[in-house]
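Following: one structure in structure tokens, then a few remarks.
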Amino acid sequence: MNIVILAAGMGKRMRSALPKVLHPLTGKPLLAHVIETARTMSPTRLVVVVGHGGDRVREMVGAPDIAFATQDKQLGTGHAVMQAVDQLDESVPTLVLYGDVPLTRAETLSALVGAAGNDHLGVLTVHLGDPTGYGRIVRDAAGRITRIVEQKDANETQLAIHEVNTGILVCPTAKLKSWLATLSNDNAQGEYYLTDVIERAASEGVPITSAHPLAEWETLGVNSKVQLAELERIHQRNLAQQLLEDGVTLIDPARIDVRGKLTCGRDVVIDVNCIFEGDVTLADGVRIGAHTVIRDAAIEAGAEILPFCHIERAKVGADSRIGPYARLRPGTELAEDVHIGNFVEVKNSQIAAHSKANHLAYVGDATVGSRVNIGAGTITCNYDGANKFRTVIEDDAFIGSDTQLVAPVRVGKGATLGAGTTLTKDAPEGKLTVSRARQVTIDSWQRPVKQKKEG
């Protein structure tokens, strides 16, 4: 089967410099959703028709299995498909999809393709309570589809029809090519309508069949930011419903955003206003606090993420406790039972089991052993303005509050750094290292007094 995806539209109502099909829905471009669904059908040829912003669309797709055709002038859907016909295999049918209709399920498309077979024309239709703006499906007395009439070309009788065209169709490729060659733009829009091939098929006696989606939202398209926002909420609601059915506890299913792939184990609890981006895995018993953002990360069994945390490209070990207000940056790997507390930032660091940094610390480019205590105000000084250097803190070390570790530097096993230390040389294991000025009390010192302003 050939699949042609129409993605050439300018999207004027989006009021954006970004091509319409590149606007994100649940974290990825509209067109990417359509391509993902198309690939599940294993097409022999997959062609994307581009036009406005074509170079940016090609760059986004960036896949060797996808061919492109260009529609330089926006002269309608029929004209768009004409640009792709030379790349199609005539021995198999062609399915036409739309880059701004992202949520049509593969099962629905398979049903349409199955109903059409190799020699019928198949149309995906839907019944709408308010069909305004859609092409109407016109049937004869026997219920056979005879034509599709666009809104601007419809008479009063046709406008009263509630069965509408979704634009998605499948038909024999050789027939499609011949019908496209006969299309006219003599209509209110001055465009070449793909839907006119229905009338051509009927006149030639080609059987026309139809299929229907299970849900109306499968056929909804995007022509404005309003419609994009509506579709985002619909898709998020569907994703939340699936999570609930899979056994995840959502404190409020209406207040979760999944912008990628979220995989959850058993007894996972997710509080309100959490955002999951990219590929995120939450193992058994994980609890995610409110207002947390997690991107491309794995949270292992029994870990708890307290509210207002930000975790990106990091791994959190089993039974660890993160937050509130903690940030784990790319390259962070935490072993089991690690505590990262409020206003602690960890970047590109490995922290072994049972270690803690409970308050106000920066741990960057560091290797931290087991059972290490990192006091409040500790900073690994990893950057000299040009290069990054690593800090190594071995097992059972104790880092006092307000300590600066100027990398490259090593803290030995069981070593203690006194509060306020600025460490520039390795600290030996099992010993106390302190570097700060001796405390002095000046008896005769007087605090300056502000002078009162006259007048």
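One-based numbering along the chain as shown.
In case you wondered, yes, glycine gets a Cβ from its N, Cα and C as well.
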### Query
To which of Arg436, Arg438 does Swiss-Prot also attribute binding of acetyl-CoA at the site defined by Ala376, Asn382, Tyr383, Ser401, Ala419?
Arg436
### Summary
Here the Cα-Cα span from Ser401 (acetyl-CoA binding site) to Gly76 (UDP-N-acetyl-alpha-D-glucosamine binding site), rounded to a whole number of angstrom, reaches 68
### Query
Taking only the binding-site residues Leu6, Asp100, Arg329, Asn382, which one has a CA atom nearest to the CA atom of His359 (active site, proton acceptor)?
Arg329
### Task
Using a 10 angstroms cut-off on Cβ to Cβ distances, just flag whichever of Gly9, Gly76, Gly99 is the loneliest among these binding-site residues.
Gly76
### Task
Check the Cα-Cα distances from Tyr383 (acetyl-CoA binding site) to the binding-site residues Leu6, Gly9, Gly99, Glu150, Asn223 and tell me which is shortest.
Gly99
### Query
Considering the binding-site residues Asn382, Arg436, which residue's Cβ sits among the greatest number of other Cβ atoms within 10 Å?
Asn382
### Message
According to DSSP, does Asn382 (acetyl-CoA binding site) sit in a helix, a strand, or coil?
### Response
coil
### Task
Specify the count of other C-beta atoms within 10 Å of the C-beta of Glu150 (UDP-N-acetyl-alpha-D-glucosamine binding site).
19
### Message
I need the nearest neighbour of Arg436 (acetyl-CoA binding site) among the binding-site residues Gly9, Gly76, Gly99, using C-alpha distances.
### Response
Gly99
